[in-house]
Amino acid sequence: MIRNPRDLQRYTASERANHWVLGICFILLGLSGLAFFHPAFFPLVNLFGGGTWARILHPWIGVIMALFFLVMFIRFARLNLMGPVDWDWLSKVGKMVDGDDHDMPEQGKYNGGQKLLFWGLALSMLLLAASGVVMWRAWFSFPVEVVRVAMVVHAATGAFMIGLIFVHVYAAIWTRGTIRAMLYGTVTRAWAKQHHRGWYRQVTGKN
Amino acid sequence: MALQSLDIARRSATTTEAPQVRHTEEVAKLIDVSACIGCKACQAACMEWNDIRPEVGHNVGIYDNPQDLDDKTWTLMRFTEVEEHGKLEWLIRKDGCMHCADPGCLKACPSPGAIIQYANGIVDFHQENCIGCGYCVTGCPFNVPRISKTDSKAYKCSLCSDRVAVGQAPACAKACPTGAIKFGAKEDMVHYAEDRIVDLKERGYRNAGLYDPQGVGGTHVMYVLHHADRPSLYAGLPDNPQISPMVSLWKGIAKPLAMVALGATALGSLFHYVMKGPNEVSKELEDEMDKEAALEKEDAK
């Protein structure tokens, strides 16, 4: 494939790699976590070499994810600070989901929905990592009352985060021309102008 | 496959019905604390029958030895000294799994068949299915299961399910020299306890009673206590044990709720795409950019 030189760079190679590490960790953690959460999903442990292996691996994958999420957080936190225009965007999101994005306020690199998702994921990661440590019996020993609370927090937050990622993935599929940003980093100018006009102006210097 | 004499009534992480056509009698172990002399024959018999050898510990000034239950100590005499009516009382309680009718460990266990409850009431750990997560420890209201440091599996008293299956009493009951440990049908054990309680009351223990806590649906290990109004006197035996609300929340409503929410999100997304179509870049913008590109090309020439 010949790439169009006029395409705009949205993510660097290192940012993309960072995101993919998180994506892989998330899938592995989600599958093994669901297996521990509900009997219907227990057979998923076979993807990891059985129940005991899934139990051994899950926390270590969690550690990797937490570390890479921290790097990602530092990279993107500033870009995701919410402003009045983001709340305005969010208040009109229903119309956009319904298929009409003509009235949406102009957005920078990220829109209000993406920013909200970013903070939702950050909060989830914080809660999952903290409660995960408490539950990690191979290395830690906390009072049973604390472990019980951690179990509930970990399960609820895990389910919440899986839901957020469903939304994240679907939004990328639904908004055509987005997946390529995650794969090789560029988007078309038309895509940028339609979805992130503020960012388009900033990187092209055009109107 | 369980022995016929050990029909399975409940199995961890299993959502379908257990076989329940045959009727099996519920068994129980009755520990008469008032008749216990603290000889630890039950501890020795437990080790012997189950082939477990805890490490030899150190004397730290109390009679409890080892200090706590562990993967190789499934029963433990716990000694408590209390003053009642100006008299010293030496309360000795044989601690171990209570074999709850509603077992918190089984409720919490994520691994199918790692914890099973037989129709006779015995709650047994099947280590070959145990994944070592320790959820059973979280679920237990009596602080009984222990994760082994050797193999990361959970262990506890099996009520000698292998002996019971062939009509024998548990090793501890067999070894007890004073008859403080009785074993039989739960109904019979309750009747026997009633006689003991009448006797204790006649001897001045007004609050003597049976410990068969209903918060966990009753237990298949019961105590006759001289002070049944204050079980916690006996080395912290829970006054009103029940499965923690946290565990009930986690293993109860959280599961269907999360599944429905996630299923709805996934299906909602799919049907949204099918019914509303993708969010495409507008044709006008594409054309505009094509024109721009053409102009740039002209300029370059």
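Cβ coordinates come from backbone N, Cα and C, glycine included.
TrEMBL does not curate its annotations; it predicts them automatically.
When B:Cys130, B:Cys133, B:Cys140 are compared with the [4Fe-4S] cluster 3 site residues B:Cys97, B:Cys100, B:Cys105 in TrEMBL, the one appearing in that site is B:Cys140. Binding site for [4Fe-4S] cluster 2 per TrEMBL: B:Cys157, B:Cys160, B:Cys172, plus B:Cys46 from the candidate set B:Cys36, B:Cys39, B:Cys46. Filtering the binding-site residues B:Cys46, B:Cys133, B:Cys136, B:Cys160 for a Cβ under 8 angstroms from any Cβ of chain A leaves B:Cys133, in order along the sequence. Checked against B:Cys133 ([4Fe-4S] cluster 4 binding site) by C-alpha proximity, the binding-site residues B:Cys39, B:Cys42, B:Cys46, B:Cys97, B:Cys160 yield B:Cys97 as the nearest. Annotation for the binding-site residues B:Cys42, B:Cys100, B:Cys105, B:Cys109: lowest Cβ count within 10 Å of the residue's own Cβ, B:Cys42. Here the Cβ of B:Cys157 ([4Fe-4S] cluster 2 binding site) has 28 other Cβ atoms within 10 Å, regardless of which shown protein chain they belong to. Comparing the Cα of B:Cys172 ([4Fe-4S] cluster 2 binding site) with the Cα of every entry in B:Cys97, B:Cys100, B:Cys109, B:Cys140, these being the binding-site residues, the smallest distance points to B:Cys97.
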